[in-house]
Amino acid sequence: MMTSNILSRFLPPNGSPSVYETIRHHDATSDSSDVEERAGLTLEDGSGEHYSDRELEDAMTDAERSRLLDPDDAFIRRKSPRKASVAGPSKSNSRHRHSGRPRWAHDASPGHDFEDGDDDVPASLLVEGHHDDDDDDLKSRLPPPPTSHFTPDNRQTSLPGPSTRGDRARWRAAREQQPLHHADRRRAPAVRWSLGQPNLNTVDPKEKAMWMWANVENLDNFLKDVYTYFLGNGIWSILLNRVLSLLTFAFVIGFTTFLTNCIDYHKVRGSKTLNDILIEQCTTKMSLSSTFLLWLLTLFWIGKAFQCLLDIRRLKHMHDFYYYLLGVSDTDIQTISWQEVVSRLMTLRDANPATAGAVSARHRKFMGSQSKQRMDAHDIANRLMRKENYLIALINKDILDLTLPIPFLRNKQLFSQTLEWNINLCIMDYVFNEQGQVRTLFLKDTHRKALSEGLRRRFIFAGIMNIFVAPFIVVYFMMHYFFRYFNEYKKNPSQIGSRQYTPLAEWKFREFNELWHLFERRINMSYPFASRYVDQFPKDKTVQVAGFVAFVSGALASVLALASIVDPELFLGFEITHDRTVLFYLGVFGSVWAVARGLVPEETTVFDPEYALLEVINYTHYAPSHWKGRLHSDEVRREFAELYQMKIVIFLEEILSMIFTPFILWFNLPKCSDRLIDFFREFTVHVDGMGYLCSFAVFDFKKGTNVINQGDRREPARQDLRADYFSTKDGKMLASYYGFLDNYGANHRGSHPATRRQFHPPPAFPTLGSPPAGEMGTIGDRLDQTQTRHGLAGPFMGQQSVFGPSRYGPTGLGDHASPAPSILLDPHHQPSTSGFRGTSRAAAFPRYRSSRAHPPTSGTIADGDESPVATGGSDPSRPAANAAGASSAGGVGTSDSNLGDSWRMNLAEDVDDDNTEGGENVDAIAGGAGVLGLIQQLQRVNKDTRGRTAVGL
């Protein structure tokens, strides 16, 4: 009885279908894109059959066969349901259509049966003319199939007629009077584009690459292959990497087996040669568990090697795609930028009619989420990071409970590589289908309880599986880490204290739609600044002890080294302790001295942790709200140190995580099941041609930064709760928006080098060009300037920024880069010229203040709906930055002064902007003002300079 009660907690009740059966049934009966399904536009036959994305490809390939079969003939095929019914239901329901006819030419359902026994005119003559026009347009834009060196036999395809005898007779009479096809067209061979076509091996590689590009079924998987090929630096580098990985795995397993089973360690002390301690035929004397494990790992290695061989063909296809269609060779792929690859993909999309527009209007509904028209930089990033964007949002919104379920470690978060694998297995593979799309079942609240219960069981099952797999993984990782880093630590013992970001920190720092290589570049540039920040804090007690240990160990090592130099033959064999010679103690004291010396900072290091952390934040873009005003505190340092730990500690946590991961999967994550199901339902949006995406990853370029409604002021509490729930924390979305525009901005190929960030290593002390903390404003001012109630926060202001010229630069000057459209974004993704205006809620303490009042503008024409405050003067109740932005919003023309702040990424007030000078025309001033004009300009400059302070100059 007790056993049945326990099992009933994990098994579904009797008589109710499993959640997986419900998901499979829903996936089988629902279209991949449910926009048409929800709108009631899905085409169905009498049996309720749905269409798949493959049907569009069949429709396109059969258009070539229209040289033999007219659209009228396809219509006549649909007029014979009785003939199809005679063959039996087994053939009609078979998934393999031997007739070669696509389902879009299916038999008409009873609701659409136009056949009537009293009709005097053949059904083919009742077809409207627009079908011919539609298919003719399709055929005109379709590329020719790849040519072959041989021609198949010409065959005449019989044209099916109506089902009744009278209609068949009338049909023959109509054909005699008006033939539908010419004889030469009837004798033309019907070439069908298919992956199984044998003549593809003999075609030209370029035409074959173009054909494969035109027949891509899953655009997400194809773009992932393109990106993986880019990261792998070509086919030969990828193959070499995989071969070396296989050899590394084989060496670790083989060498570990040799060390544990083939050496008799009891004979080591008295033996002189290796043969004295070797065990003969050691593999036959291995234990049963060791033999089973060795065979299991051997089979795994063989499977990986076989998979590597199978991938050669796919890599060759990708090599041809890069070389022939994108014009990128294996030597150039190591130096070309991803932005250039995206640009060439967009050019290929526009140049290839089969992918750009060779789809008729009646077939576009089949495209679903595989539209190649939606393939600019934003769409490609969303496709590549469809799952990663959800995980970034889960980490940002703290949906996952990653704390250890241990009483004395409940405040410790654990997120290792092993736990990440389990999360992808339990959550992502559960929510996404085989095509990489979110299952529409998760978007309906009617199945919330069943889906949540299924997710909870997946967590528990994964925890059980980790118990059996963990011992093998622990042994492998320990041996691999030992073989890899022991020699490095032996040569340079100070590397033991080297640090790197934890896996949890990487997911916290990563932004939406930020590809891995761009994120890795940004994070790698932050390492020098992060190490400098950690070393900034005073460690007086540790420094004193480390200095003493370094002095003692260095003195002992120096004496032993000097004695060995005087008489090396005698002294190197001298035993200081039993069986411990001078050489042994030289290694010990030298290692201790190196470690202790590494803990002592340089004497010339200037202590300024606040400035050092600002430099780190400029790269990581991570600044929690509770850090405001506390960057100098030790609490912030400890919190940052948890994200930036020593490599040896990260490795130990990875090993321990294999023990603690089952407990997290059993006790913590099942409690988050309801929140996880709600998260995917509430933060998923559908984009036409793309499918379902994370709502945070769909940037509204037209609205820019003003994407959050300020709400009703009469209910501030309710507005804040709802806005906080549907927004990201710590300004993640705005930082992602800015970062994306900087990575894929206008002319990213280097025509404007001033917009590219130059990397400089951290100085030993703040440079003379950096203002002191007092002149830069307080930390609270900086946080208030960049953070708002709704989470619209950008990175901290500092002297340097990975976004090119700092938007919040210490001088307070605006970014005068041109708002030219990006060539990597389609027109509907181009940033709006009014997308960067400040929100209605400004900072409580503006960071940059001008000591003089802005004169009213006189040279601009304001819109009729603008208030007098926006067009002239200043209102003390409104922020100065918003007033400045509004004063230039109604200008006309295309000059800098008329564009105003709409395209600028600087949220601070521009003290030296041209608009503050009364809106004068620069061309009029520079072009022949005369002596009097120059005198007036000089007087104006002297008048303005008197009121300025040293801030911002």
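Glycine is no exception: its Cβ is also placed from the backbone N, Cα and C atoms.
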Using the annotation in Swiss-Prot, determine whether TRP211 and ARG439 are placed on a common side of the membrane.
yes
Which range out of 292-312, 545-565, 581-601 gives the transmembrane segment (243-263) the most CB pairs under 8 Å?
292-312
Mind checking which residues reach the intramembrane segment (648-668)? Cβ under 8 Å, same chain, six or more beyond either end.
401-406, 414, 416-419, 422, 426, 459-460, 462-464, 466-467, 470, 473-474, 477-478, 481, 496, 500, 502
Provide the three-state DSSP residue tally for the topological domain 'Cytoplasmic' (480-544): helix first, then strand, then coil.
46 helix, 3 strand, 16 coil
Summarise the topological domain 'Cytoplasmic' (602-647) as counts of helix, strand and coil residues per DSSP.
26 helix, 3 strand, 17 coil
By DSSP assignment, list the helix, strand and coil residue numbers for the topological domain 'Cytoplasmic' (313-458), in that order.
92 helix, 4 strand, 50 coil
Six or more residues out from either end of the topological domain 'Lumenal' (264-291), which same-chain residues have a Cβ under 8 Å from its Cβ atoms?
257-258
